[in-house]
Structures are given as C-alpha cells and as structure tokens.
Amino acid sequence: MRAPLCLLLLVAHAVDMLALNRRKKQVGTGLGGNCTGCIICSEENGCSTCQQRLFLFIRREGIRQYGRCLHDCPPGYFGIRGQEVNRCKKCGATCESCFSQDFCIRCKRQFYLYKGKCLPTCPPGTLAHQNTRECQGECELGPWGGWSPCTHNGKICGSAWGLETRVREAGQAGQEETATCQVLSESRKCPIQRPCPGERNPGQKKGRKDRRPRKDRKLDRRLDVRPRQPGPQP
C-alpha cells in the first residue's frame, strides 16, 4: 500500500516541479534571450522580477506583455524606484521624454517645452525657439545706439531732406537662452546741407549783388551817361 502511495507522491512532485520550472527561471534565456538581469523570468512573459537597481520595463503587444530588466528606461518612459520593484512608467501623451509624470524634458512635434510642460503655444512674454521646441524668456532691450549719418537716396551730400537711423539691440533674459531676439530700429527726417564734390554750394549766389540803395545806383547811372566838359586850352 505504501509503495503505490509513495509513487503517486513522487509523480505529483515531479509535475509540480516541471510546472514551476516553466514559470520561473533564474537568469534564464527567455523569449529573445532577454532575461539578462532577471531574478524571475518566464518564456511566455519574460522578466517579472529584476535584480537590485535595475528597472522592470513591460512591453505590451496587443493582449500580451513581456518584461525586461534595464539599467535605464527607454525614451518615452521614466523610472520609479520602489521597495520591491523598480518600474518604467510611460510619459504623458505630449512628452517625447520626461523626468517624471509631471516634468517633461522634450516634447513631441507641434508642442513647446515650458517649465517641464508641453504646450501647443508659448505663453505671453516668452519666445518660441523652433530648433529646440522650447519657450524661452522674453528679450531684454538694451540702450539705443547713436544716429547714423543723414542720407538721401544713398548720398550724404546735397541739399535735401534725408533720413537718419538708430538701432536698439535686444539681449537675452538668460545666459543659456539662444533664441534670436528682434532688433528694433527707428528713423527720423534730417536736413542735408553739404555740397557734393564738384558741385556749387546751394547757398552761394551767382555774381556779387550791389547792396547800395536804389537811389544811389540811379545817380551813378546818370553820371555815367552825362557828357564830359572840355578842359581849358593850353
């Protein structure tokens, strides 16, 4: 009686061990050979428990999921350390990479990064940097520069009204910001009273004008036409 009972117990134990070995392998070679760093790994679902300091990353394909143990979480995921297991958790829908659930590092296309958030447009007072897709601080305006020479049609000489211009450059609000800020400028009218080379001064009159009173000028003309008296004969 004891022999059949012992045999039955041995068979039951062998079946249990076989099932356990199929569900649980230590540092095994699961599906695709991705059980490296695992404490518990199965052929069907990969890793379920990782070695200390490693992150458990669960990849889902339809209704199936497969676990891997990684030193760093892949892009689009961030790591959470727990008492029993360290997990990789997915970033928000607008984040391409993140530091935590509430702090993005890089945004997906059509979004701009501002203080850890991914926004469709940059808030007022900031500038959108197209290359990095970041919202950066508003530019600080510098002092106005000096006025340029007065010019008219590209000339700085002649007698006409021209324009002179000055520029106000914009500096960055922060040293690490690299967005290009708008350069401001303004112009105003200015008179040009400078003879060009080879030209006569516009203020210079032709000839010399007689400024004596009109009465004196008429008298001189009468004296010029009066016949002279002959002198005494010797």
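In case you wondered, yes, glycine gets a Cβ from its N, Cα and C as well.
Taken from TrEMBL as is:
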| type | residues | note |
| --- | --- | --- |
| SIGNAL | 1-19 | signal peptide |
| DOMAIN | 35-135 | domain 'R-spondin Fu-CRD' |
| REGION | 191-234 | region 'Disordered' |
| COMPBIAS | 203-216 | compositional bias 'Basic residues' |
| COMPBIAS | 217-227 | compositional bias 'Basic and acidic residues' |
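Broken down by DSSP into helix, strand and coil, the domain 'R-spondin Fu-CRD' (35-135) contains 0 helix, 55 strand, 46 coil. Restricting the average to the domain 'R-spondin Fu-CRD' (35-135) gives a pLDDT of 89.
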